[in-house]
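J.: Per TrEMBL, the features are:
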- 21-43: transmembrane segment (TRANSMEM)
- 76-268: domain 'ABC transmembrane type-1' (DOMAIN)
- 80-102: transmembrane segment (TRANSMEM)
- 111-132: transmembrane segment (TRANSMEM)
- 144-167: transmembrane segment (TRANSMEM)
- 188-210: transmembrane segment (TRANSMEM)
- 216-237: transmembrane segment (TRANSMEM)
- 249-273: transmembrane segment (TRANSMEM)
Amino acid sequence: MEHATTKPFLRRLGWAELLKHATLIITCILLFFPFLLMLQMSLKTQKQIIFELFKIKSPFHYDNYAKAFREIWPLVGNSFMMAIISVVLSVFLASLAGYAFARLRFPFKNLLFAIFFLKMLIPGVANLIPSYKLALHLGILDTYLPVILFCAGTTMPFWVFVMRTFIEQQPKELFESMRIDGAKEWKIFSELAFPLMRAMVVLMSINVFTFIWNDYIWPLVTIPTNTALYPITLGLARLATLYKGQLGVLTAGYTLACIPLLILFIFTMRHFIDGLTSGSVKM
């Protein structure tokens, strides 16, 4: 009876659906396997990792997490502070600039937008030396400022483009009606445009936060000596030096570094999907 009911179900599902589901399952396995491997490595000794890499059995060595936590925890606050300030700064400026390019008229508007667009075509590494020289000239090396300003500036051109495109898709009548009622541009932006961009703002915040949380090269360049200001990425590099060859401790540190991003994505997943779909044009 079970075989008889399964066969019509498979026939009704169709080969296309079966192929799609099989592809999704294989993709999920490929995506999550490295993380699961890292997770089980973090509970092993070096000997277990070498000889029993794919075996999951006791004893589990939770002391790996204690060692990694002791080195990483003081730096978590640095990463959070730099990421949150950069997110707030980039969201405010990108949404404001996106609204201005979409709904305001001012001299050299198209030229300025073209500059923003061209900035997206320049690799971030190409800006490294000029940005470092600028930070050195301003005397802000070994502080939070170069990391915050550089990361906000690096991510902003793309999001200005996204915000402008999103606002242009909204009915002009919404903005014109507020102007007719005597509203100033700041009121139109703060009470109409910015609330409309809420889903895009969440999407941008998640992306910018993730970018800054994972950034390694720029903090390494601009915070060369002040270890008290290190973000978590530099802390992981230092962990690799302190526990050289101890993969259990290193993978425990990498797992701990992933947890804030996983929590962030779990609680904002619905808004993240809304942001991905809110820019679509309705027919």
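Even glycines carry a Cβ here, placed using N, Cα and C.
No curator has checked TrEMBL annotations; they are predicted automatically.
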J.: Is it the case that the transmembrane segment (216-237) and the transmembrane segment (144-167) have 3 or more CB pairs under 8 Å, with pairs at least 6 apart in sequence?
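T.: Answer yes, regions in contact.
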J.: Sequence-remote contacts (6 or more beyond its ends) of the transmembrane segment (21-43), Cβ cut-off under 8 Å?
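T.: Sequence-remote neighbours of the transmembrane segment (21-43) are 49, 53, 56, 60-62, 64-65, 247-248, 251-252, 254-255, 258.
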